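Step one of this worksheet: look at the structure below.
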C-alpha cells in the first residue's frame, strides 16, 4: 500500500505529513488531484469540487465551500470526507475527524461488524440432523428394551443399541451436499459469477431481490466517449486500443479543431508511474467526463502532451 501524505499548516509552517499522523484541529490544504486525508471542515476554497461517488454514489462532482448549507452531514457544502478525491480547485480545511472516526471509517466498521446468520441450507441440514438423531436414539432405546425383555444379555442389548444408532448416521450427507453445491458453483462460474462461499450458492438461488449501490458495484464512475460531432455530422468514436474501427478523417479541419479543444480545455491528467499501462486502464486525476475526453484524444492522436 502506498502511504498517503497531506499538506498541513502547523505554527505557520507548511509540513508534509503522513495522513495517519493528522490530529483534530490540524489545518490541511488540498488541491486538484489530491485525496482528502481526513474529514475536514472547509474554511477557504477556490472553485473546489470533490468526487463523492465512493461515499454517496453521486457521479457528478460536488462543489465545496465555507458556507453551511444543510443539517445533513452528507449534504452540507462545508464538509469534505476522507477517501474522496478533489477533482477541481483548491481548499483549506480543519480536521474534524480522522482514522476510524471518519464517516468512511464508521461505514467500514459497520460493514465489518455485521454478524452473518445461518444460511437456509445450514438451517435445513441442522434440522435434518436433529431429526435423524432423535429417530436413531428412539429406535436404539426401543430395541434395547425389547432385547432386554426377550432375555438377551445386557451387553448384547447395549451393542444392539449402539449398532442401530450408528446405522442411522447419514455418512454420505456431507459428500452429497458438497458435490451438489460445487456443481452449482461451477455452472455459475461458467457465467462469470464467482462463488467464494459454497453455502451462498443455495442462498443466491433463494434470492428474489438484490439491493446494491450502483457506483462501485454495477458501475465504476467512468465515462467513455461514444460519439463526436464535427463537419456537421455525428460520428461514432472508436475507443479500441488499436483504433481499428476509425471511420473518419483525422486530417479534416473539423476534427483538428475538436481535438484541439478537447485537449487544451481539459483539466484532467494521467497519474504518474503508469508507463506500459493501456490507455483505457490508466488512472486519471480529474472529472470523469474530462477523463473520457483525455483518453479518447490520447487514443486518436497519441501522446497529447507532446
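Here, residue 1 is simply the first one shown, and the rest follow in order.
Each residue, glycine too, has its Cβ placed from N, Cα and C.
Annotation comment: TrEMBL describes 2-110 as domain 'P-type ATPase A'. For the domain 'P-type ATPase A' (2-110), DSSP puts the residue distribution at 18 helix, 48 strand, 43 coil.
The feature transmembrane segment is assigned by TrEMBL to 128-152 (among others).
Packing against the transmembrane segment (158-181) from elsewhere in the chain are residues 121, 125, 128-129, 132, 135-137, 139-141, 143-144, 147, 152, 198-199, 201-202: each is 6 or more residues past its ends and has a CB under 8 Å from a CB in it. Taken from TrEMBL, the feature transmembrane segment covers 158-181 (among others).
Confidence across the domain 'P-type ATPase A' (2-110), taken as the mean pLDDT and rounded to a whole number, stands at 86.
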